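These features come from Swiss-Prot:
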- 1-22: signal peptide (SIGNAL)
- 35: N-linked glycosylation site (CARBOHYD)
- 104: N-linked glycosylation site (CARBOHYD)
- 123: active site, nucleophile (ACT_SITE)
- 139: site 'Important for enzyme activity' (SITE)
- 284: site 'Important for enzyme activity' (SITE)
- 306: N-linked glycosylation site (CARBOHYD)
- 312: N-linked glycosylation site (CARBOHYD)
- 352: N-linked glycosylation site (CARBOHYD)
């Protein structure tokens, strides 16, 4: 008799185009896992991690991303950042200052590259509940420049008083988080909501005190005490850009997709397992609208989840769902699966289909 794992793998294989197969997690490399002490001064807390990486690689990544993603009038942004540094959100601006000084970059370029990441994160996120009421959360992060970013991806354990306060996955030099977990409380991921990117509006909102979307994830992981509090903070805090926040908790039913406008929530889409809605899939499109045929990652993910079945759901099964092409694609940088109820099982793997 075949084991449930073998049956699941065979079912997923049927969903794939020729030549595309799930990648077992143990065959995909894990990123470095590093510690960042929040008890250290903001300007110094990333320095031990930075010393583990080639500074030339990091400077090259900044130059490439800024050159490709940032408007030609970035000099104007640089002047604004220099003049308004003391008014920008903390501790993040001080952290960027410390990183920039270490890499011999201007604060403006360090700041701009952090904002550039906010604009281009294409993603797939899934929050789901198994038949026993356990909550699982997974995400793929897709981004151009994968040749650089795969070398810069890290799992970060943020420490307070020597203990893990929360965990997140990010790129070296980027102080925000698109993926994270507060142990025994909640998990969260962010997916870009593309409403047309206007740097002018983003900068204006920033100087009005609105939060970058990835900084709010990190703040929420640091400050919110439970699933409900995290959803409220993620739904209500003014932002510099639209986004989808996907949140998973520890109790049955604790899973939601929050569709955000800059000023507040556009939609709240919770799990509804009693009525058969045991998972939610969010890519980069409003869930109540059809996805464009040119970028349909939603349908393959839904098919893979239904093929898996609620009774067979696990972190490994969710990893396989996120391995189905085109959910996993040539610009997928990493996959993370997590469950706040079992925080030690937080797992990230680097993907490289190119």
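Cβ from N, Cα, C; glycine included.
Secondary structure at residue 306 (N-linked glycosylation site), taken from DSSP and collapsed to helix, strand or coil, is helix. Taking residue 284 (site 'Important for enzyme activity') as the reference point, none of the recorded positions 35, 104, 139, 306, 352 has a C-alpha atom within 10 Å of its C-alpha.
Around the Cβ of residue 284 (site 'Important for enzyme activity'), a 10 Å sphere holds 21 further Cβ atoms from the protein chains shown.
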